[in-house]
Amino acid sequence: FGLMEIVNFAHGDHLMVSMFSAFWFWMLFGIDPIFSIPFTIIIMAVLGIATHYFIIRKILNSTMLVQICATFGLAVAIRALAQLFFTPDFRTIKNPIIQGKFEIAGIFIGQPQLYASLVCLIAFILLYLFVTKTETGTALQATAQDRQAAEILGIPSNKMFALGWAIGLSCVAVAGSMLSNFYYVFPDVGVNFSLFAFVAVALGGFGSISGSLIAGIIIGIVESVGGLLIDPSFKLLYVFAVYLFVVIVRPQGIFGRY
């Protein structure tokens, strides 16, 4: 949303597709998820471009409600196709290259989770630099803010939106590949992450890329500390309590522009 200003309710299901891509690269070709990231990025980028040209392009000038209905319908369709072709079974990648734990001051940290965080942080930094420091990134932001003005200046809006979707789903490809190292792969897996993704975007502030990152860190800390010090069964309660407090005090989010 921070780049394209479109609410994508299929984001979690795109994550599921990337996890299945990493899984099948491992299953069919024996390629570990960390090494299949480039292939998964290509698959998801093509899917992002196709999503734009076949669906998003037709609803760009529609209301947010229409966009939500369209992307929600896309999410349902992707999930149904995954259940049809892959069945609802849970799958895991056995013996990935990254496994085991680190012990730091008596605290055990899973290596897959740690490396996933580092890789996604690197991906975020690269995305942020691309969007804020390059002419193409500036053109993307300009297209999202005012499509007609961008076209008057000679910026091809359709290509920019397609590129935006390709970049967005490429980021999902990185996350999905790293998640498949330690998380179950199944058709409904995206649902588990979609809610947290939307909370992070709203908490950080709609339109703020860095705000989403900081909000994600806050959510992780609140969930972990709350579960450790109080009661693990109420971890979600702590997260949503913080979210409600922030949106009541500052409805546009911590770093929101709207």
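Glycine too: its Cβ is placed from the backbone N, Cα and C atoms.
Residues annotated as transmembrane segment in TrEMBL: 12-29 (among others).
Beyond its flanks by at least six residues, the transmembrane segment (35-56) meets 6, 10, 14, 17-18, 21-22, 25-26, 70-71, 74, 158, 161-162, 164-170, 172-174, 176-178 of its own chain at Cβ-Cβ distances under 8 Å. Feature annotation from TrEMBL assigns transmembrane segment to 35-56 (among others).
The transmembrane segment feature in TrEMBL is assigned to 68-86 (among others).
Among the features that TrEMBL reports, transmembrane segment is placed at 114-131 (among others). A Cβ distance under 8 Å defines the sequence-distant neighbours of the transmembrane segment (114-131), meaning residues of its chain 6+ beyond its ends; these are 3, 34, 98, 102, 137, 140-141, 167, 171, 174-175, 178-179, 181-182, 209-210, 213.
Feature annotation from TrEMBL assigns transmembrane segment to 162-184 (among others).
Sequence annotations record features per position, and here TrEMBL assigns transmembrane segment to 196-222 (among others).
Here TrEMBL flags 234-255 (among others) as transmembrane segment. Same-chain residues lying 6+ beyond the ends of the transmembrane segment (234-255) with a Cβ under 8 Å from its Cβ atoms: 196, 199, 202-206, 208, 210-211, 214-215, 218-219, 222-223, 226-227.
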Would the transmembrane segment (68-86) count as touching the transmembrane segment (162-184), if touching means at least three Cβ pairs under 8 Å and pairs must be 6 or more apart in sequence?
-> no
